[in-house]
Amino acid sequence: MAEHIFVGTSAGYGFVVTYQNVFKPMLFDKLKDAGSEPMNLILIIPLIGGIMLLFKLSRKNNWVARYPLSFMVGVGSGMGITNVIKSDVISQVHAIIFKNPMWISGDIWTSLFNILYVVAVLTSLLYFFFSAEHKGAIGKTARIGIWFLMISFGAAFGFTVMARISLLISRVQFLLEDFLGISL
Amino acid sequence: MKRTIPLIITFLSALVMIIIYFINPAHVQKFENGVFEWIRIIGAFALFLGLFNLLISHFIKVRRNGMNAVYSIALIVAFFAIVISGIFFDSENPDGTFQFMFNNIYRPLSSTMFSLLAFYVASAAFRAFRAKTKEASFLLVAAFIVMLGRVPIGTMIWGKIPVISNWIMAYPAAAAQSAIMIGAALGAISVSLKIMLGIERTYLGGEE
Amino acid sequence: MKKIFSIVAMILLLGVSAFAEAEKSTKLLETSRFPVLIGLILFAFVIIYYIQKAKSGQHIFIRRIAGLNAIDDALGRATEMGKPVLYVPGIGGISELQTLASISILGHIAKKTASYETDLYVPLRDPMVYSTATEVVRESYLGAGRPDAFRENMVEFLTSDQFGYVAGVDGYMVRENPAANFYLGSFWAESLILAETGNSVGSIQIAGTANPSQLPFFIASCDYTLIGEELYAAGAYLSTDPKSKGSLKGQDMGKLAVMIVIIVFALLNVVRNATGMESLSNMLNWLDKFFAMKG
Amino acid sequence: MLEFLKKIDRRVIYLCIALSVIIPMLVGVEFPVPTSPMTDQVYEAFNNLEPGSTVIISADYDAGSQAEIQPMTLAILKYCFENNIKVIVLGLWPLGANLVENALYNDKVKISPDRAKALIAEGKKVFVISKDTASCEMTIEERDGKFVYVDEREEGKDGEECLAFSPEDSYYVKGVINAIDREVKPGIDYLNTGYKAGQVVVITQMLEDVVGALETDISGEPIKDMEIVKGLKTINDIDLIFSLSSGTPGAKEWVVYANGKKNVPVACGVTAVSATEFLPYLNSGQLSGMLAGLAGAAEFETATGYDQGKATEGMSPQSFAHLVIILFIVVGNIIFLLEKKKS
């Protein structure tokens, strides 16, 4: 029961917040000002787009929703392509090559570790390379890659266990302190 | 018509966003922010979709099911109570009852389910996590070191444990994740390209 | 169609640049971001090239993922033991790539269970995935020449509640004691609960997901795990759609390019740091700055 | 022996885990928490800020992950306000900004006895959790030069005055705002703009026009004339972005869109589950630091010298539970190996 009331309340809350935060300031208030600022009238377009989106609920005419949907998906993927290339590919490769160079004179340990980093990246990438059979040299190198992957999954495993325990701890803290009033 | 025009819209809007990326923001700032405002407005309507689905499914439950209808009625009443009070009466502050319920019902409820997972971790640790292969042994050893290295007791057992654990995170683990990140990014970019070029169109849904 | 696209693209490019040209006060282009443009054009070219190649019917080589052999072995074991097979396609929606890959693997598995006359059970959490999965399983049984063996209740929608769903699947495992459990798709916190229950009833377990936080649990508690992109590759390998093979190949070439760039420039950088050669140093410094993209 | 171990009931295992968490808490084992390089980086990022700088805190989490994230929120707010750093909050998740609001005004913030005395002198309400009386929410007052609290709940002790500051009690105030010396003024030192619908688009819109993208505060008031946003135009006028992140959208989007496009420093606090995914960003400098899970929060508390923090308190049960789980894995594997030998 409490859960249902909560779901209802938070859905309602989401509605109110979106109203106050998007519809009112970005749409209704600006359309009201359209007398002094005629450019605001252009906002009728997204308004219509939004209404078209609601046709998704209709079985017969749900194609109407495709128009605004395709706009949103298009903007999303266009925006994603460039930014992901920059952050997840170029910046990563740049850091591997230049920020942590494989040879720093005088600092043999960091150099070794950076070499290890490059080797780990290359072998792990090779493990996910599907255009060649994992035989011979490629197979052996990819096997080294899987070891590095396993170490990273081990770290993730440790972290996830930690997360689950932390949640339990917070529950126990709550029970002991707030419920039973025991000072910790 | 029902498919071609949406595909053209997708292509053009994606292309414009890509071109804009390479143009000095001083020139296109107004245009760009306009687009983002549109997206936020249309996106807000998407919220209605979710709400309608939720409400309709519970209306149906009320009509069909005598026993559990009470729950659905409670949900619907709670929804409208908040919306009406939030928009028409108390538009200054939608919190009030909401904040109270949030702190006293929702916060405890949602933490409890996940905290039970700690027990599962323990029982799975005993019964399922086996060093069956060399790979799994690597995983478990790395996990031990990180689990000890992240908490104070690790230092007490052996001062070097946190050092090793930090090293694992900074070198082999980060490197392997970096490879995964590059692979995933290439995958994501290829999906975006396919969407843009109309090769991938599952998002449109439905038939012609 | 393509012509329309390219003409509109040209007009737009001109339009946007003309629009931008109107204010000459600051520079027009973000030249510092050009590396992204280079990367984008090259990668787009490779992807489109391989998709076209695949579409035109040319053979695209993708190695057989080791995990697929493990899947077939597990199915064989289930048949020997005369016990059912459980297939969980994750809890993600139909638009998730992992779910799509999983569905194409499900098609393969259903074909085998049909011809081996082994019982199959597929519980679902998402109504959309449910209707797709039903179709795929039905078609597989038809394709294997055993439409009579297909029963509607092989594929079942349980509930959309995350933990409610897990409880349902757990209940099935304890009651029916399946010989082989497959968990392929997008998983979250339930991965651990499923894998542990499956382990306690002694099933062979094969898992695969691209969610990094859940992978460790599967690796440590299942007999075989498809890691990350392997899931997509297995899906593409079994898929009848040439586009997925083509784009996988294109991504592979992207990876290859990244590897080559890292090897060449990391080594050049070592040579520079060791010898201090001036021309090399100048070139690398320029590249460093160019790709750092700090406007 | 082997058979016995193999057949251990899962309830026994559950009990072990519960005890490994509860006993250290009740006994009050305390461990000093050493910091790790990731956390040091976060501390440095905050420590390098001049007084008067502006920080954006993006609350991209909800109640399901508050156990790990909320202690970070408390510690960061406390640090910022103590060091005169202006804080602008927004939430990319619907309930995140509410949780930050709670941290500021409602949540329990534990303090040391000395601090409690100082705060009472300032006229602030200080509460006590007492070992003797098994109830909470009792306010401490100063009567005739003595610090006392009145226990009204326990039967038989109705209205009895108890002497405060016995060493076993612990003390707290409600909300970070009451735990610090300074007076924090909304609209000048602090601004909570609430939930911003639109996911990534909110971030991209903020890049060139922060105020325009945020538009209103948590109660729907326009923010454009508030003092805290004076002179604030693009995201480059922000000195640090800190994303409290438990999923998408969250820290990843801030790195990709805000750091990637405008080079603004971004740091984050994440749930431990997602921590490994962010390691490459730390390595490449795209992230200026990361707090990972409850341990990260505890380390940040140590770094900022706040040793009554909730996360620090959690570190001893966390340690013992980890030990117990490692023990289970080891025992389980010994059984596995012995059985393999047998067959």
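Placed from the backbone N, Cα and C atoms, the Cβ positions cover glycine too.
Just so you know, TrEMBL annotations are computer predictions that nobody has curated.
Here TrEMBL flags B:7-26 (among others) as transmembrane segment. Listed by sequence, the residues of this chain that lie at least six past the ends of the transmembrane segment (B:7-26) yet keep a Cβ under 8 A from its Cβ atoms are 32, 35, 192, 195-198, 201, 204.
As annotated by TrEMBL, transmembrane segment applies to B:38-56 (among others). Tertiary neighbourhood of the transmembrane segment (B:38-56): same-chain residues 76, 79, selected by CB-CB distance under 8 Å and a gap of 6+ residues from either end.
For B:68-89 (among others), the entry in TrEMBL reads transmembrane segment.
Long-range Cβ contacts of the transmembrane segment (B:109-129) within its own chain (Cβ-Cβ under 8 Å, at least 6 residues beyond either end) map to 140. Under the heading transmembrane segment, TrEMBL lists B:109-129 (among others).
Annotation source TrEMBL lists transmembrane segment at B:136-158 (among others). Here the transmembrane segment (B:136-158) has Cβ contacts under 8 Å with residues 129-130, 164-166, 168-169, 173 of the same chain, all six or more residues outside its ends.
According to TrEMBL, the feature transmembrane segment maps to B:170-193 (among others).
Distant neighbours of the transmembrane segment (B:170-193): 14, 142, 200; these residues of the same chain sit at least 6 beyond its ends, with a Cβ under 8 Å from one of its Cβ atoms.
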